[in-house]
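Asks: Submitted below is the structure of interest, expressed as structure tokens.
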């Protein structure tokens, strides 16, 4: 049976760990009480002056001891003096015990109870306020959708009737006039041209039609508590019939204090927002540029944001319910231990009653709101299908299966066996000797290195996942991954082993065909590259959700800074800065196998041409460029945070150092060697400072842990010091570029591959501490649920 303390530690919410009951501390206090009572010895059975047996052990001694304790407890409970000392006072103070250790336990337990109550009350108030705001947003969305749907249906009926009338009396109107009737704005406008093209009658009809929509939408919003500036609606109603149309036109010039805000997270949304602002500025009716558009696309984004906000709210309610139940159970368990050791029954009962009356134990507001959110989500977002609603509200965790573990072992054993076979065959054939074929070595080196580096990075990511899970770092929340589809460490190990098994099997077959004298043997490694097409497989196989997520993140990185930068985006971009050798291998493989050079094995075509060299420069700079653009995007979005500019400067310095090293490789003169030393040293110092201080949170001179930080997840501090030294050593790998090492062709390839592997190992090692620091930041701010921006917001008015 698992002890409750272990179950409790494994069940608490990591981000809220500081506000849970400190069960371990209370257990230590109980142990101290037990030791103090044991050292004090058993109480005497007979009072002083009484006669009794004092010559040894009696069979009746246990009975006498129980009777004496019961009598003492009964006397203390019935005496007035005992009531004054033990009963709880009207001011709410706890029972006061005469024993110092027992009193210390009760005071500590009272502090923990107060801590839990305060946090629960704060979170409950925030969730209730969030729930009210979301319900209000949903009402506004439902009213606007209903009004626009009714108006679209009425417009289509009037359009058909008008078209039939025009067909009998006049030629059809131009497409530019007739094509704008399907788009509506909150201010009654469709586009800048719709107010200037066409006849006067059509313009007046559109104005009246848009004003009618605006009146209905504004009335719906006013019913939900949203006010408007200027009171144009009331003025329009007070004017005469001859001025009714002018009143409606005046109404269009008044900006509503509400608008739909869709964050420009993608280029499409950003372009839509720019277009809306441009149309508002160019409008000829003098309306305020703050007036908001309402159209079908925007309503879809608003509905999605509200749905995601309800999911986040429900997640927060579930966490708060878990917080309440775990703390109630912890108090119950610890009080049972306390009464068993101290025999303070009355004090324990009083404290138990206080726990039961506490808000975190007695309040049912969270339960009621959770039920209400379930009903709302079921009715508005799941089509009254409870199974679909629970799929989103309570996603099922993936079942652990031993099949994945079996496949990992199978592929790993197969890879080791095939690699031994390949090594023996290559040695017998003299492939890697000085007299071997240089063309084969070059082709195999690039293809094998590319897949080997990918496999190594995936394997280290699996190690990261295992360590994050072991230390309870909530990486799925940090990356905004779904727990039902996110990769586990076993999945990552399976992917790594299967990649290497496939690659080595292809190399063995290629070597057999080469020794047999078959033609086009180099096409086999080229065909291996086609296996990367599995990323685009539309079927739900081979981790489709992970593949699509990877492609989405890569799209966001490549088109930086046009996409909003999330944690997963810049984390993946950091991985790419360590995979520059991989990108170079991909460049050569693409050149060699896609340009048709495998027909004549002209290796120099993809190495000596100036276009290839220039492309190599670009590829080496791209990851740093992408990362710098992400920093600039975050600088603009996060209130001009100067740290983002400093972070961008780090990647610019890395680009400068890489350019100088490329120049030194082309012209190895002493001047350029010193330029390499200066630029690379400066970039390395910059990167080390950012690694230790900003990414890991170390080198804090005021920390209680020498030159680390106050909070550490790993128990052994020596691991952090060793990690800092290892990161420092691996950051200095560029020093090999200025050393004149006289190596052979095979040794040079092996050294390059080893340095690339060490950089990936350094990155995998960096990943753990980066997420540890991010997790501690979330825990310090008690962030356990993401905040989804609400689409409808009120504008500030004078």
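For all residues, glycine too, the Cβ spot is worked out from N, Cα and C.
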Asks: In TrEMBL, which of 718-735, 736-753, 754-771 is tagged transmembrane segment?
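Replies: Result: 718-735 is the stretch TrEMBL calls transmembrane segment.
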Asks: When TrEMBL marks a stretch as transmembrane segment, which of 524-543, 544-563, 564-583, 584-603 is it?
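Replies: From TrEMBL, the annotated transmembrane segment range turns out to be 524-543.
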Asks: Taking 492-512, 618-638, 639-659 as the choices, which stretch does TrEMBL tie to transmembrane segment?
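Replies: Range annotated as transmembrane segment by TrEMBL: 492-512.
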Asks: Can you dig out which of the ranges 368-392, 443-467 TrEMBL describes as transmembrane segment?
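Replies: Range annotated as transmembrane segment by TrEMBL: 443-467.
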Asks: Which stretch does TrEMBL mark as region 'Disordered', out of 26-68, 112-154, 155-197?
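Replies: In TrEMBL, the region 'Disordered' feature sits at 155-197.
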Asks: Between the transmembrane segment (718-735) and the transmembrane segment (443-467), do 3 or more CB pairs sit under 8 angstroms, pairs being 6 or more residues apart?
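Replies: Touching, no - the transmembrane segment (443-467) and the transmembrane segment (718-735) miss the threshold of 3 or more Cβ pairs under 8 Å.
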Asks: Who are the long-range neighbours of the transmembrane segment (718-735) in its own chain, taking Cβ under 8 Å and residues 6 or more past its ends?
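Replies: Distant contacts of the transmembrane segment (718-735): 657, 661, 676, 680, 684, 687-688, 691-692, 698, 705, 708, 712, 755, 758-759, 761-762, 765-766, 769.
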Asks: For the domain 'SPX' (2-352), would you mind checking the mean pLDDT of the predicted model?
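Replies: So the average pLDDT across the domain 'SPX' (2-352) works out to 67.
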